[in-house]
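Just below is one structure, and these are the notes that go with it.
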């Protein structure tokens, strides 16, 4: 068995922790750092295959020294493009690299879409030609069993979901059914390349390079051991004390403090409670700077220009970085607008969360970063932020999508919002003149301001799309309908467009913003 003094950075061994059920478990963890406080060693551990927000300092009593794995000495590897080659490349990038090295030419798909493996009984149905309309006596029964969704490359000759083809609605067994027409009489390909998760981030399955602009941008570099470790112990913000999840580039001298004190109105940071109290006697703000563009009840939204209110915007980014791992901080906030959601009481407007967006986005992004502060999570505020971002897009007359990559919690929130919003549209369709109502993907996108790609990926994620006799059929089972109705009953916070006072600006005509 190894001794405590032999433990170094890079070692792996089981570490005792409590799980969600308050039970002891021994997951494998990596030692990222070692420090000595008053003669007692502390070890900063990252639990393998766990989110980094669970990383923590532990004592040697929680380490299983019998199963320690010492780091292997790595052979020196040549650098690629002038960058150190100590960290293995991501699988997505290694595949094309290996293919090029072998001299093979990779096929470039013209289009990528999602397909479903349908049961054989659905594919071969007696009676009727492919061009005939589907009737309620067809085989479109509610599909109660779980089927795996698959991604496949589609050649130009293979039909893909049409964005303008109308969707028909007809009832069966008390549940609504939608049928989206497409090119008839073509067979589907069956080769599978991945899962529907890929459709959220990019159309070709290969992550794009991060944009090096803006206040918070994609972070793909985790080589620096310093940025892999939480550096702030605790933050006091108003009546809340927050435990940061990730590294944030606050000044080095603040990282040794037991508590970092923030003014909840201007977000300036101080070393002590005395500093905060002195600041509060001088701070005139009782709400975020900028214009209040929405108020309903106790909820307000403030629009803040990253150029006009640079200090506040930078402090907001520093605070947000404590809870966002997939982004890295930049101090150029000029190209961004910040929308801060607050909750009002007799003391002022308290920050709940925020999202930022580019003043000019060539990729139709309506959100760059989005965050609900931990004390307000799981209360419906996340969806309210998302709904507000799309409400702004509606006023601007645009469709929008969040900047990728999304965090794990962000992806869950967006999928939930997209699903509820699209199902709300589909279930609200009414028939006219006795005919089945029809709708296209383009129309759904225009009504909701959700980008067409997100509409399609959501329908695929919900497993609503089936291909039958040359048509793409949207099938809403009773389980889907019941689940949606239950979810909407719990969603009490909604954006009221009548309470929004917002005039979009044409930033392209304003020079340097």
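Every residue gets a Cβ built from N, Cα and C, even glycine.
According to Swiss-Prot, the features are:
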ACT_SITE  403  active site, proton donor/acceptor
BINDING   370, 371, 372, 377, 378, 379, 380, 381, 382, 383, 407, 416  acetyl-CoA binding site
COMPBIAS  133-144  compositional bias 'Polar residues'
DOMAIN    8-65  domain 'Tudor-knot'
DOMAIN    227-504  domain 'MYST-type HAT'
MOD_RES   52  N6-acetyllysine
MOD_RES   86  phosphoserine
MOD_RES   90  phosphoserine
MOD_RES   104  N6-acetyllysine
MOD_RES   120  N6-acetyllysine
MOD_RES   148  N6-acetyllysine
MOD_RES   150  N6-acetyllysine
MOD_RES   187  N6-acetyllysine
MOD_RES   189  N6-acetyllysine
MOD_RES   199  phosphoserine
MOD_RES   327  N6-acetyllysine
REGION    69-106  region 'Disordered'
REGION    122-220  region 'Disordered'
Counting each residue once, how many in the domain 'Tudor-knot' (8-65) are helix, strand and coil under DSSP?
7 helix, 30 strand, 21 coil
Pick out which of the binding-site residues 380, 382 has the most other Cβ atoms within 10 Å of its own Cβ.
382
What is the Cβ neighbour count of residue 407 (acetyl-CoA binding site) at a 10 Å cut-off, with all protein chains included?
17
Rounding to the nearest whole angstrom, report the longest C-alpha distance spanning 370, 371, 372, 377, 378, 379, 380, 381, 382, 383, 407, 416, listed for acetyl-CoA.
18
Using the alpha carbons only, what distance in Å do you get between the residue listed as 'active site, proton donor/acceptor' and residue 378 (acetyl-CoA binding site) once rounded?
22
Would you mind reading off the Cα separation of residue 378 (acetyl-CoA binding site) from residue 52 (N6-acetyllysine), to the nearest angstrom?
20
Candidates 370, 372, 380, 382 (binding-site residues) with Cα within 10 Å of residue 327 (N6-acetyllysine):
none
Minimum Cβ neighbour count within 10 Å among the recorded positions 52, 327, 378: which residue?
378
Which number gives the other C-beta atoms within 10 angstroms of the C-beta of residue 372 (acetyl-CoA binding site), all protein chains shown included?
24
Which of 370, 403 (the recorded positions) has the most other Cβ atoms within 10 Å?
370
How would DSSP class residue 382 (acetyl-CoA binding site) in three states?
helix
What does DSSP say about residue 327 (N6-acetyllysine): helix, strand or coil?
strand
